[in-house]
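What follows is a short report on a single structure.
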Amino acid sequence: MALTQVSSNKCCDGYQKVFEHDSSELKCKMKFAIYLPPKAESSKCPVLYWLSGLTCTEQNFITKAGSQQAASEHGIIIVAPDTSPRGCNIEGEDESWDFGTGAGFYVNATQEPWKTNYRMYSYVTEELPRLINSNFPADPEKMSISGHSMGGHGALICALKNPGKYKSVSAFAPICNPIQCAWGQKAFSGYLGSDKSTWESYDATVLAESYSGPELDILIDQGRDDQFLSASQLLPDNLIAACSKKKIPVVFRLQQGYDHSYYFIFSFINDHIKHHAKYLNA
């Protein structure tokens, strides 16, 4: 599939690039950012997929998180896709910030008028890795996944739904139990319909309760002063309880004084890249 390079900037001795392509899953043009560490010039590298949160594009992570230095040191490619299809001319897609454009929730929609384009789950787990593996020096056997907020939800469900596919998973302030929070209920009603039993296959807490597969070490950072934590949108305690029941190892760190912003992500991104490097470079 043809890729068009949108930008390329030297960074930490590697290159931060952005590409555009026609997506077969989403039936629209999509952009993704890719950081190629210096090691990628001479050998295949493991890949960390980063999923961003509500309202984000492929730009937020690469301009604000400061991930390139650690990715360069550990020889890890980082791929950051956009968060939803764009410009599909679906009625209502731009009406609210937490549904439609910029809010794909990493599900495959089953309801009209969303089901043709809003297939972010398949895009992230199937189409995008195929694209990366065939166009870049990526080691297809070594993938991990991480994300923030809605993207933290995406990272957790991708790892829990595909035992063994990802070597490790981490998240910043993830939406851990979307079927129990307002954001999730709004998105899932629209994309998946009123039958709540169909929502469970995209809920990390429910998926953890039935997980069986290779051991998955989960790292989660959560800001104690996150307004969405206090508004009961994130519900990390529910996920921790489910994981502890199934003996899934979770390192959960409640970070004093931090909020939901990219300042929080910037503060701890090196720890997350180190966490993934331990598994990706093993």
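Cβ atoms are placed via backbone N, Cα and C, with glycine included.
Quick caveat, the model's predicted, so the values are computed rather than measured.
The number of other Cβ atoms within 10 Å of the Cβ belonging to Ser149 (active site, charge relay system), over all protein chains shown, comes to 25. TrEMBL lists Ser149 (among others) with the feature active site, charge relay system.
If you look up TrEMBL, you'll see Asp226 (among others) marked as active site, charge relay system. Of all Cβ atoms in the shown protein chains, 21 besides its own fall within 10 Å of the Cβ of Asp226 (active site, charge relay system).
The annotation active site, charge relay system is assigned in TrEMBL to His260 (among others). For His260 (active site, charge relay system), applying a Cβ distance below 8 Å and a minimum sequence separation of six or more within one chain yields Ser149, Ala173, Gly223, Asp226, Gln227, Phe228, Leu229.
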